[in-house]
Amino acid sequence: MYGTQTIGKDGHLYIGGIDTVRLAEEFGTPLYVYDTALMKQKIRSFKEAFSKHTALSWQIAYASKAFSTLAMIQLAGDFGLSLDVVSGGELYTALKAGFPAERIHFHGNNKSKDELAMALDAKIGAVIVDNFSELNVLDQMCAERGQNMEILLRITPGVEAHTHEFIMTGHDDTKFGFNLDNGMAERAVLLALRSEHLALKGLHCHIGSQIFETEGFVRAIRAIFSHMNVWTRKMNFHMKVLNVGGGFGIKYTGSDHPLPIGRFIDAIVDTIEDECARHSLSVPEVWIEPGRSIVGEAGTTLYTLGSSKDIPGIRKYIAVDGGMADNIRPALYQANYEAICANRANEPADQSVTIAGKCCETGDVLIKDALVPESFKSGDLLAVLCTGAYGYSMASHYNRLPNPAVVFVEDGEASIVVRRETYEDLIRHDVPLKTFSSRE
Ligand SMILES: Cc1ncc(COP(=O)(O)O)c(C=O)c1O
Ligand SMILES: N[C@@H](CCCC[NH3+])C(=O)O
């Protein structure tokens, strides 16, 4: 159980003081429910961890790829966060939400000219330049417009984070960033410093996601400083900002043991301060980009149980009214989740079942061994926990399933922040063949 989740006397699961059975009745299922008090608490713990380091300047940029909607971006803005966006769509959402442009940082390994133009028009805070072609294109665009832009360079420090290989990003063989050890990063620093319109503010690295140890951050920072030392003296490059990315691990199941956020922040800041002292450099402003660790545990997906299939001696499948279309993570990363029977949460959960989705795909299994009450049956409500990160944001329309609604709950109030898609929404952009003259 997470955040404000409780079990009521009626045996129902409550979130933010609201009965999830009522939420399902009112908004339908599948339904993404976000405990906003828990998101705020997560933001506060990042801020508190930094405030201990009184001499330091810092920014916490929410990585909106984890969950981007107008309401979420507003919440991040209200709490003084900066914002990491990674596409024109995320940037558009941020601007429409009224997020202060100067606190937006634009990422991505293949930003189009149109996306860069959007960023320049909006005068965002920084572009995190990922590769040589982007450096060149952005420089030319700024020159044509007579505009300046602050940039960071994304560095690939050659560090392998201990996580699923699909979500590692700091190792040498990755599509992201300028590699440190083969001279790419040094050349990028040189080119950026020569540009008249790009102001090289600092460096960025992101070693991966769902990380449980501080060691990867420490190694990445040390690797960057071993070069910074040379670049400062050789090229007179003074790093004003070091952005160490996101990736802080969360507790999806009882086998995950995430570190308190303060442990990560202390390790990051202490290492930076130590390296600066060692090389007689001034301490840069420290930026981080948490996504999952702000929204992950705050999200719960409610499903209604439908059909079941018991294969004696093998397993019992129980199917819900969603699946890989609203949560691709089990199929994509073999991610594990836990669930509660939300309308009978007080009954002993001693039956092991496999929770399947409704997509036409054998791999559409949400949880392999979920524990549910013996009497679990069609019509019951299942709450899959910790689905707040990369669930809604990676949702698809596979099998023409409309995307679920999203509600924020807090202090007994529920606010719909994304309406459920309708079948009409699904065909909204389709152009029927009869509009083509070639049809016989
Ligand atoms: C550049 C960058 N920053 C931040 C994040 C956020 O990561 P997480 O959601 O694990 O905190 C990601 C995603 O892995 C990323 O690619
Ligand atoms: N989408 C991934 C993480 C990668 C995110 C961005 N680099 C997940 O669900 O775990």
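Backbone N, Cα and C define each Cβ position, glycine as well.
Automated prediction, rather than curation, is the source of TrEMBL annotations.
Here's what TrEMBL has on this protein:
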{"type": "DOMAIN", "residues": "32-388", "note": "domain 'Orn/DAP/Arg decarboxylase 2 C-terminal'"}
{"type": "DOMAIN", "residues": "40-295", "note": "domain 'Orn/DAP/Arg decarboxylase 2 N-terminal'"}
{"type": "MOD_RES", "residues": "Lys65", "note": "N6-(pyridoxal phosphate)lysine"}
{"type": "BINDING", "residues": "Gly247, Glu289, Pro290, Gly291, Arg292, Tyr390", "note": "pyridoxal 5'-phosphate binding site"}
{"type": "BINDING", "residues": "Arg292, Arg329, Tyr333, Glu361, Tyr390", "note": "substrate binding site"}
{"type": "ACT_SITE", "residues": "Cys360", "note": "active site, proton donor"}
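On the structure: features taken from TrEMBL.
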residue: Lys65; record: N6-(pyridoxal phosphate)lysine; Cβ contacts under 8 Å, 6 or more apart: Asp84, Val85, Val86, Glu90, Gly291, Tyr390, Ser393
residue: Glu289; record: pyridoxal 5'-phosphate binding site; Cβ contacts under 8 Å, 6 or more apart: Ala61, Tyr62, Ala63, Asp84, His105, His206, Asn243, Gly245, Gly246
residue: Pro290; record: pyridoxal 5'-phosphate binding site; Cβ contacts under 8 Å, 6 or more apart: Phe46, Ile60, Tyr62, Ala63, Gly246, Gly247, Phe248
residue: Arg329; record: substrate binding site; Cβ contacts under 8 Å, 6 or more apart: Ala335, Tyr390, Gly391, Met394
residue: Cys360; record: active site, proton donor; Cβ contacts under 8 Å, 6 or more apart: Asn399
residue: Glu361; record: substrate binding site; Cβ contacts under 8 Å, 6 or more apart: Met324, Ala331, Tyr398
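A Cβ within 8 Å of the Cβ centre of Gly247, Glu289, Pro290, Gly291, Arg292, Tyr390, the residues given for pyridoxal 5'-phosphate, is found for these other residues of the same chain: Ala63, Lys65, Ala66, Ser209, Gly246, Phe248, Ser293, Ile294, Ala389. Each of the binding-site residues Gly247, Gly291 was scored by how many other Cβ atoms lie within 10 Å of its Cβ, and the smallest score goes to Gly291.
In three-state terms derived from DSSP, Arg292 (pyridoxal 5'-phosphate binding site) belongs to a helical segment.
According to DSSP, Arg329 (substrate binding site) is assigned to a helical segment.
Secondary structure at Lys65 (N6-(pyridoxal phosphate)lysine), taken from DSSP and collapsed to helix, strand or coil, is helix. Taking the Cα atom of each, Tyr333 (substrate binding site) and Arg292 (pyridoxal 5'-phosphate binding site) are about 15 angstrom apart.
Considering other CB atoms within 10 Å as the measure, the emptiest surroundings among the binding-site residues Tyr333, Tyr390 are those of Tyr333.
For ligand 1, the nearby binding-site residues are Gly247, Glu289, Pro290, Gly291, Arg292; that is, of Gly247, Glu289, Pro290, Gly291, Arg292, Arg329, these have a C-beta under 6 Å from one of its atoms. Ligand 2 lies under 6 Å from the Cβ of Arg329, out of the recorded positions Gly247, Gly291, Arg329, Cys360, Glu361. Taking the Cβ of Arg292 (pyridoxal 5'-phosphate binding site) as centre and 10 Å as the limit, one finds 26 other Cβ atoms among all the protein chains shown. On the 0 to 100 pLDDT scale, the domain 'Orn/DAP/Arg decarboxylase 2 C-terminal' (32-388) averages 96 in this prediction.
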